[in-house]
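Worksheet: the structure to be examined is printed underneath.
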Amino acid sequence: MSQDIAKKIIGSEEWCSFPELGIPAIKARVDSGAKTSSIHAVNIQTFQRDGEEWVSFEVHPLRIDRRTVVRCQRPVIDKRIIKNSSGNSETRFVIRTPLKLNKKVWDIELTLSNRDAMGFRMLLGREAMMDRLIIDPALQCALGEVSKESLGKAYTKEETRKGGLKIGILACNESLYGNQRLLEAGRERGHEMLFLDIKQCYLKLDTLEPEVHYKGRLLNDLDAVLTKIGSNITPYATALSRQFESMGIYTCNSSSAISQSGDKLFSLQLLLKSGINIPITGFANSPIDASDLIEMVGGAPLIIKLLEGGQGQGPILAKTKNAAESLINTFKFLRANLLVQQFIKEANGKILRCLVINGKVVASIERTAASGELSSNTHQDGKSSIVKITPEERSLALKAAKVLGLQIASVDIINSKAGPLLLEVNSSPELEGIEIATGKDIAGMVISSIEKKLQWKRPLPQQS
């Protein structure tokens, strides 16, 4: 009984610190259901020091703040297979370091893991609390809060490391999740990241000195450009990408690849020519052809897609022939180009999305449309979950990206009775749904792919 009284009562979340890691404050989720403790770590690299294996890593201790970085080094005491929140097993490095909580200090073991998709940068498990702490789930920060002012004094924003690349993100809306993640991921790795609003870029056509300007500044010193666009502005964005190429600047997806994938009709024709199966699809330029067009794809129900659709816009399920004719005539009256496509009933509204980077499928999710909706893009309230793909699906995704010449692409696949069918290939993958569903640092993988193409290597920590 006296031993229980000596234990400290803590809440479901608490502020703590790691003096030897240089982390003065980090909020932890307290979970007795988890055996091990874990801390958010990125850019994890091992190295040798005095004949022992060490690990260097970076911690973003504050939630929703990637500019605050603490760089750490500790000896590796173990490597363990841990099951993550998605139910997948992964191998993690284990370190031992002193934890400070309410003026008490003791050593705990921490696994290093990317916790970007989690609500907390740290998880305090039961092994670290054994014989010391008691949890009251009704409490939060029972040992005291840390103010924003205190955090501001404790941490300083780090400047970009010298020797990194200069990378431009060519897009329209800087505040979008994917653009923010790419900017943050690049800065984490020591690169100078620039957001380039497509509408504020202009170019100079010249045989000897081609140029691109942005807000009056000449962009001739970029190492790489990553173009993230919607299909409605593909022509101008493609022209800008082509101009960067003529200046000798590396573009992650070439202008020709962006152009091909941005034209849905042309891309489907190219994919079919390469032997890739798609749902039966029709296209016409006149509403007079609506009835025959509907029969061409097997009749209603069928799918109607706007050629210029993006971020989940466009796909509509027409359940009857009359509804299909009405929709086709309406869109044609509005001079909107569209495709009609066979409806795959057995798919039950589920679409497989594979993310391809440099010839590898690095992540895959299954997207399910919200009730009453057809599009399952996460921008439209659809649900995403991690899924293991088959060799046939993997081969299809890789071939589709290769046919269109894309180094970075999302490939949408639908499963039919005849096997997997390709729906669409996008040169500007939406990152939010796939990062949240998989817990993977997809933005970091994209930046890493640029580093590999340009043969840039991250400086290793100095060995003593």
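One is the number of the first residue shown, and numbering goes on along the chain from there.
Here the Cβ of each residue, glycine as well, is placed from N, Cα and C on the backbone.
Lys305 (ATP binding site) has a Cβ environment of 22 other Cβ atoms inside 10 Å. Marked as ATP binding site by Swiss-Prot: Lys305, Gln342, Phe343, Ser376, Asn377.
The Mn(2+) 1 binding site annotation in Swiss-Prot covers Asp412, Glu424. In the three-state DSSP reading, Asp412 (Mn(2+) 1 binding site) counts as strand.
All protein chains considered, the CB of Asp412 (Mn(2+) 1 binding site) has 19 other CB atoms within 10 Å. Taken from Swiss-Prot, the feature Mg(2+) 1 binding site covers Asp412, Glu424.
In sequence order, Ser261, Ala409, Ser410, Val411, Asp412 make up the list of same-chain residues 6 or more apart from Asn426 (Mg(2+) 2 binding site) whose Cβ falls under 8 Å from its Cβ. Annotation note: Asn426 (Mg(2+) 2 binding site) sits in a strand segment as assigned by DSSP. Positions annotated as Mg(2+) 2 binding site by Swiss-Prot: Glu424, Asn426.
The Mn(2+) 2 binding site feature in Swiss-Prot is assigned to Glu424, Asn426.
The domain 'ATP-grasp' annotation in Swiss-Prot covers 268-451.
Residues or ranges marked as region 'Unknown' by Swiss-Prot: 1-164.
Feature annotation from Swiss-Prot assigns region 'Alpha-L-glutamate ligase' to 165-464.
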Residue pair Lys305 (ATP binding site), Glu424 (Mn(2+) 1 binding site) - Cα distance, angstrom, rounded: 11
Cβ contacts of Glu424 (Mn(2+) 1 binding site) (under 8 Å, same chain, 6 or more positions away): Lys264, Ser267, Val411, Asp412
Long-range Cβ environment of Gln342 (ATP binding site), under 8 Å and at least 6 residues apart: Pro279, Ile280, Thr281, Val297, Gly298, Leu302, Ile303
Segment confidence, the region 'Unknown' (1-164), expressed as mean pLDDT: 85
Protein Cβ atoms within 10 Å of Phe343 (ATP binding site), excluding its own: 19
